[in-house]
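Here's what Swiss-Prot has on this protein:
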TRANSMEM  1-21  transmembrane segment
TRANSMEM  45-66  transmembrane segment
BINDING   HIS51  heme b b562 binding site
BINDING   HIS65  heme b b566 binding site
TRANSMEM  81-100  transmembrane segment
Amino acid sequence: MGSLLGLCLIVQIITGLFLAMHYVSDISSAFSSVAHICRDVNYGWLIRNFHANGASLFFICIYLHIARGLYYGSYLYMETWNIGVILLLLTMMTAFVGYV
């Protein structure tokens, strides 16, 4: 699970950087810049889909990682488990801020 999480995170960072190169955050042209990415940028639609679906896959891998920890009783290691919970909360907050 950890290697899949790392791969998903790397894909998210790379696709996010490529999308940020063409995105305009001005309120009057934000939608037009997304349409520009999908229509005019080479494989822009694919990069956008990888970025959107990669986020879902990232969280599925996180939940599977947590489920494995619950199954094997890793919650008994309190320090490690608490750090994992903090990382999960930080990841969820970052995803929310990135979505908004």
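Cβ coordinates are placed from backbone N, Cα and C, and glycine is handled just like the others.
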Positions on the same chain near the transmembrane segment (81-100), where near means CB under 8 A and six or more residues out: 55, 59, 62, 66, 69, 74-75
Chain-internal residues near HIS51 (heme b b562 binding site), provided their CB is under 8 angstroms and they sit 6+ positions away: GLN12, THR15, GLY16, LEU19
